[in-house]
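Peer 1: Structure below; questions to follow.
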Amino acid sequence: MARTPRSGGPSASPQGAVAVAGRGAATPSATDRGTTPAAGGSPATSASAPAGPPVLREGDKGPEVVELQRRLGQLLLAYLGAPDGTYDTGVRNAVARYQRGHGITSDPSGVYGAATREDLESRTHAP
């Protein structure tokens, strides 16, 4: 059995308003009233938003890892290795110790994610 639109209810789209128009005056949609439909929300901004700093984990290499090693080295006993740009077991363990010591639980243990980065950068200076 086909459903017919209820009269007096808001239409889901402008096309719905046309279908009801034959039965009388169509109820304006949220868009017609100049408001944003709740289900529609605002357009996604992730495509236009700049990507944040990378999440670093064991096996990663490069200048971001060197910076992490140097920042950890600024904290006594956090990391004693050479800043060679390799996220090895020593770096992972230093990051995990740092996270435990500062109550950071939103990043996986030993992974240099957004929360760990923000906290570490607030406590150290740029190398």
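Backbone N, Cα and C define each Cβ position, glycine as well.
The compositional bias 'Low complexity' annotation in TrEMBL covers 16-26, 34-50. Annotated compositional bias 'Basic and acidic residues' per TrEMBL: 116-127, in sequence order. Among the features that TrEMBL reports, domain 'Peptidoglycan binding-like' is placed at 62-118. The feature region 'Disordered' is assigned by TrEMBL to 1-63, 101-127.
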Peer 1: Using DSSP, break the region 'Disordered' (101-127) down into helix, strand and coil residues and give each count.
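Peer 2: Taking each residue of the region 'Disordered' (101-127) in turn, the totals are 11 helix, 1 strand, 15 coil.
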Peer 1: Mean pLDDT for the domain 'Peptidoglycan binding-like' (62-118), as a whole number?
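Peer 2: Here the mean pLDDT over the domain 'Peptidoglycan binding-like' (62-118) amounts to 95.
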